[in-house]
Amino acid sequence: MNSDDWQAPTTRSPAPHERQKLPGQARLAAILERLYAGGSVSVVDLAKEFNVSDMTVRRDLAELEAEGHLARVHGGAVPTARGPHAVVDDIEPEFDARFARNRAAKETIAHEAARILSQYRTVALDVGTSVYLVAQMMEKPARKRVFTNSVRVAQLLSQSPSEVYLAGGRVRADEMSITGPIAVSQFSQLFFDVAVIGVSGLTADGLFDYSIEDSEMKRVYVNQSAVRVVLCDSSKFERMSLTRICALQDISVLITDAPPPAELDALLREAGVDVRVVGGRQDQP
């Protein structure tokens, strides 16, 4: 063949039916991400992007609207009004930066959580800075069985009398957390006396986190634990992130350093949550 006749092979974009479909929860999170970034979303565009039917997108939007995340309009959706205090926080700071933020409040919260854990034998510990502080206070506990998807927590407690079980799966390097279907499947087969869970935000809509992957494991802890202890310093009130973990009524105990805003406090108590304010800031903001 003459070299002048040669043509470089062309690349082909995958046809719509060849694109990989996102799981339902991941698709909902992705819809919210696009909504916050662009200010609105279109049913047609979302159906094309996620390789699903218009009807599936409409069902997704209806679910998100029912949870208060958006308002449906003709052909799509727009963000819903959340009041003057709600803040969307989608950028996850690095672990070390978060570890230093509100350190005194987090230590006080962690001390109360460690006190609660002393009453239980089988414990699940989430990832995050506040939970890591709890683990530091458990370095010499009575013998327990500790399950975690945090490499940092597992390494710390490996020198303690406790039996430590680390989930298997993909390592999320920035957070040093274990995520993915293997980890979710493993821990979904277990039942814990108590779980300690960290969050990036808490609003009337529920609990939030930055990471879709970490949130999947947080939901496992919520579903598989008799007692669900949530750590949330007061800077996280009325803040939401990319992924919703669960509703307020799904948690047992909330430990914080200051009373929640009045409306949020009323909703928490209506949901049956034991709100524990530690650290001396008992005044209602």
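Cβ from N, Cα, C; glycine included.
What TrEMBL says about a protein is an automatic prediction, not a curated fact.
Pulled from TrEMBL:
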type	residues	note
COMPBIAS	1-13	compositional bias 'Polar residues'
REGION	1-21	region 'Disordered'
DOMAIN	24-79	domain 'HTH deoR-type'
Original post:
How do the residues of the domain 'HTH deoR-type' (24-79) split into helix, strand and coil according to DSSP?
Top reply: 36 helix, 10 strand, 10 coil
Original post:
Mean pLDDT over the domain 'HTH deoR-type' (24-79): what is the value?
Top reply: 85
